[in-house]
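A.B. asks: Mind having a look at this structure? Questions to follow.
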Amino acid sequence: MTTRRTRARHAALAATAAAVLTATALGAQGAGADPAPDPAPLTDTQAGALAHRITHDLGDRAAGAYFDAATGKLVVNVVDAKAAAEVRAAGAEPRTVTRSAARLAAATKTLDAQARIPGTAWAVDPRTNRVVVKADSTVRGERLARLDKVVTSLGDAATLRRVPGAFRPTLAGGDAIWAPRARCSLGFNVTKNGQPHFLTAGHCGNISSTWSDRQGGAAIGRTVTSVFPGHDYALVRYTANIAHPSAVDLYDGGQQTITGAAEAAVGQSVQRSGSTTGVYGGQVTALDATVNYQEGSVTGMIDTTVCAEPGDSGGALFADSSAVGLTSGGSGDCSSGGETFFQPVTDALSALGAQLP
């Protein structure tokens, strides 16, 4: 295998895409004000930033949000007219639902307490206004019966789905950024305290203190922080004087320049770059997902229809020029299709105190 990939696959992060938004701040219109005009269609990245702002400002009065790519509108779930008016004033489309954020949060809390079974995952699906619980092929017998009992106890707030394959961190021996006995994919280049570093997956950082850009080669970096389970990110400090561009390898001879970091939005189109399979795309299906790998549980993940395979771990999830996540794991493959979970890159940057170069 070549080493070209490991030097060009990387991206850098900057500010969120919130600066491109022109929507007004949250707040109901005053009496006698003219109705707000229909907002201009949003891009995927704009929708992610707007969703983050609106759901943060509304708190429990927003029961999730998703991007409708066909109309270019951000749809925000609400349970009362006042919240609907504020959503509309902020430039999004309100949708009245029956299950509140508090009820859905209570359902996920119950699952956290009673259903931490390896091979399961769950997240709120804003399109159906329910918690979708998934069980892979390893969940059977007594464990499946236990899971079904917990989900049934939640009534119409949750639903159980079986998925093929097994949820696993995508780690393997091979190419890309090399540990002595395995490989992963470099995600995004960052700086910390003015020094160059890069991000990768925490389950990768846990297995090695040093990394090379070729099998058996000299070390180019040293792991300084690694978090897994719980979350899934690691910070590696460059120890070699090599190029670290703000770009993602597109595996066609080109690169995608990365100019900032962005929050994901349900319905958003995204792409993933990894050392095993190259570049594949899909959509974000849920946020704040919990995944119970055999190796431990992770929370706060981005759930997607993007495929990945062993060795793609730590690779970049991006939308146009925005960095979105780091490849964690999932089920399936890129021949038959799959489901992959990603560590939000904004959370990793905040926790690590790292910045874009």
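Numbering starts at 1 and runs along the chain as it is shown here.
The backbone N, Cα and C atoms fix where each Cβ goes, glycine too.
Just so it is clear, the model here is predicted, and its values are computed rather than measured.
According to TrEMBL:
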DOMAIN    99-152  domain 'Peptidase S1A alpha-lytic prodomain'
DISULFID  Cys184-Cys204  disulfide bond
DOMAIN    197-349  domain 'Peptidase S1'
ACT_SITE  His203  active site, charge relay system
ACT_SITE  Asp232  active site, charge relay system
DISULFID  Cys307-Cys334  disulfide bond
ACT_SITE  Ser313  active site, charge relay system
A.B. asks: What are the non-local neighbours of Asp232 (active site, charge relay system), defined as same-chain residues 6+ apart in sequence with CB under 8 A from its CB?
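C.D. replies: For Asp232 (active site, charge relay system), the qualifying residues are Pro169, Ala201, Gly202, His203, Val298, Met301, Leu326, Ser328, Gly329, Gln343.
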A.B. asks: Where does Cys184 (disulfide bond) sit by DSSP, helix, strand or coil?
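C.D. replies: Reduced to three states, the DSSP call for Cys184 (disulfide bond) is strand.
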A.B. asks: Counting other Cβ atoms within 10 Å of each residue's Cβ, which of the recorded positions His203, Cys307, Cys334 comes out lowest?
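C.D. replies: Output over recorded positions His203, Cys307, Cys334: least Cβ neighbours within 10 Å is Cys334.
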A.B. asks: Express the distance between the Cα positions of Ser313 (active site, charge relay system) and Cys184 (disulfide bond) as a whole number of Å.
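C.D. replies: Pair distance, Cα basis, whole Å: 5 Å.
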A.B. asks: How many Å lie between the Cα of Cys307 (disulfide bond) and the Cα of Cys184 (disulfide bond)?
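C.D. replies: Cys184 (disulfide bond) has its Cα 16 Å from the Cα of Cys307 (disulfide bond).
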A.B. asks: Would you mind giving the whole-number mean pLDDT across the domain 'Peptidase S1A alpha-lytic prodomain' (99-152)?
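C.D. replies: The answer is 98, the mean pLDDT of the model over that range.
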A.B. asks: Just to verify a number: CA distance, Cys184 (disulfide bond) to Cys334 (disulfide bond), in angstrom, no decimals.
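C.D. replies: On Cα coordinates alone, these residues lie 17 Å apart.
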A.B. asks: Give me the Cα-Cα distance between Cys334 (disulfide bond) and Cys204 (disulfide bond), rounded to a whole Å.
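C.D. replies: It is 21 Å, counting Cα to Cα.
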A.B. asks: According to DSSP, which kind of secondary structure is Cys204 (disulfide bond) found in, if we only use helix, strand and coil?
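C.D. replies: Looking at the DSSP assignment, Cys204 (disulfide bond) belongs to a helix.
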A.B. asks: So how many of the residues in the domain 'Peptidase S1A alpha-lytic prodomain' (99-152) end up helix, strand or coil by DSSP?
C.D. replies: 26 helix, 12 strand, 16 coil
